[in-house]
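Notes follow the structure.
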Amino acid sequence: MAIWLERASADFEQKFAAFLTTKREVSEDVNATVRDIINDVRHRGDAALAHYSQKFDGIDFTRVSMRVTADEIDAAFSAVDRAVIEALELAARRIEKHHARQMPKDDIYEDDIGVGLGSRWTAIEAVGLYVPGGTASYPSSVLMNAVPAKVAGVERIVMVVPANGGAVNPAVLAAARIAGVEEIYRIGGAQAVAALAYGTETIAPVAKIVGPGNAYVAAAKRQVFGTVGIDMIAGPSEVLVIADKDNDPDWLAADLLAQAEHDRGAQSILITDNADLGKAVGAAVERQLKLLSRSETAAASWADFGAIILVEKLTDAIPLANRIAAEHLELAVDDPDALMAHIRNAGAIFVGRHTPEVIGDYVGGSNHVLPTARSARFSSGLSVLDFVKRTSILRLGPEQLRQLAPAAITLAHSEGLDAHARSVSIRLNPES
């Protein structure tokens, strides 16, 4: 059973603070191993990829190509149930339409003395998309990463995916085709991240790597950062639901379990001002757990990291929500807009009782790649902005240079940078 906390209790702050800092990921010191793998790929290229793919995934690249062929992608698309294809296509259309609204515009202007200033946006040239294998291989995540990159104008999107024995989940390949991703390699782990960052004989390097993975992938992304950009280091999923008494406990229980079934380290939290509702939701969770195919995972998540928090009034939930900074925040209350106006920290907000977080996972149009582990305090979910970069523009004519030069020269001299000062003064006094 999840922990029960009451805001009115004398020891609430102590218990809540401890709850916030509970570690939900198994700590695995893989940095040394990952460093060795990255160095091996940098030095041996394809040979290293073949070695690790054989060792970890049982793939023999003398029997199957490293790159997934166009025929394989087409065959996978044909093999996937038509209803799934149509759902993926609907999701892709909605993601594309929403993310197109995020495209920033160039802003070039002239100030009051005639200096041209502004910024210009350009797409990153090449992006690598890591797609996990196994039970965490989600076609929807392919769309959430690839479609915004396409909208941004990224010319080359490279997908890597672990393939046990060489086989890739057909739905993942179908999603890639729908998103317009054609360059796909059946490699995974730290070795795939290294190949994307540094390149091999077969794989040209990219400029940025996005997508979640296990501890080895996360460590590899950390280690190659600086050589390439990365999106974020994703942790276990989480949801916070703020609910008043006028809710169906079964609805709320289903929402909490939708996160809990992801991972034993996932976290589901309910904050309510009604004790009876809190107890009813707890009971509903226990009933619904018996219906789930992933009940063992969900039960462990709920027991180890779940919480029901009772507050005296709904506005008391606001500071708690901002401290939790949840990946997903549902506002299942009569006036969700009033609460939302005061929420500063959340990866995504789902407004009203009829907006389950799961719609955002799939077909809402918003992105489901969101900051976890309280990182919504300082970061945002994946968007078009992750695939573009801003370049500053500055333009002066002779008159503008004459007006600004004295101050620039003064500051350069004050910092002891004579060449800086001369770079300006030589344009005013060519003989100097």
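Any Cβ shown, glycine's included, is placed from N, Cα and C.
Features as listed in Swiss-Prot:
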- Tyr130, Gln191, Asn214: NAD(+) binding site (BINDING)
- Ser237, Gln259, His262, His328, Asp361, Glu415, His420: substrate binding site (BINDING)
- Gln259, His262, Asp361, His420: Zn(2+) binding site (BINDING)
- Glu327: active site, proton acceptor (ACT_SITE)
- His328: active site, proton acceptor (ACT_SITE)
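Structural mapping of features recorded in Swiss-Prot.
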residue: Tyr130; record: NAD(+) binding site; DSSP class: strand
residue: Gln191; record: NAD(+) binding site; DSSP class: helix
residue: Asn214; record: NAD(+) binding site; DSSP class: coil
residue: Ser237; record: substrate binding site; DSSP class: coil
residue: His262; record: substrate binding site; DSSP class: coil
residue: Glu327; record: active site, proton acceptor; DSSP class: coil
residue: Asp361; record: substrate binding site; DSSP class: helix
residue: Glu415; record: substrate binding site; DSSP class: coil
residue: His420; record: substrate binding site; DSSP class: helix
Position of peak Cβ density within 10 Å, selected from the recorded positions Glu327, Asp361, Glu415: Glu327
Shell of the NAD(+) site beyond Tyr130, Gln191, Asn214, same chain only (C-beta within 8 angstroms of their C-beta centre): Pro132, Val160, Pro162, Gly188, Gly189, Ala190, Ala192, Val193, Gly213, Tyr216, Val217, Ala220
Using Cα positions only, nearest of the recorded positions to Gln259 (substrate binding site) (Tyr130, Gln191, Asn214, Glu327): Glu327
Nearest of the binding-site residues (Gln191, Ser237, His262, Glu415, His420) to Glu327 (active site, proton acceptor), judged by Cα-Cα distance: Ser237
Neighbour count (Cβ, 10 Å) for His420 (substrate binding site): 15
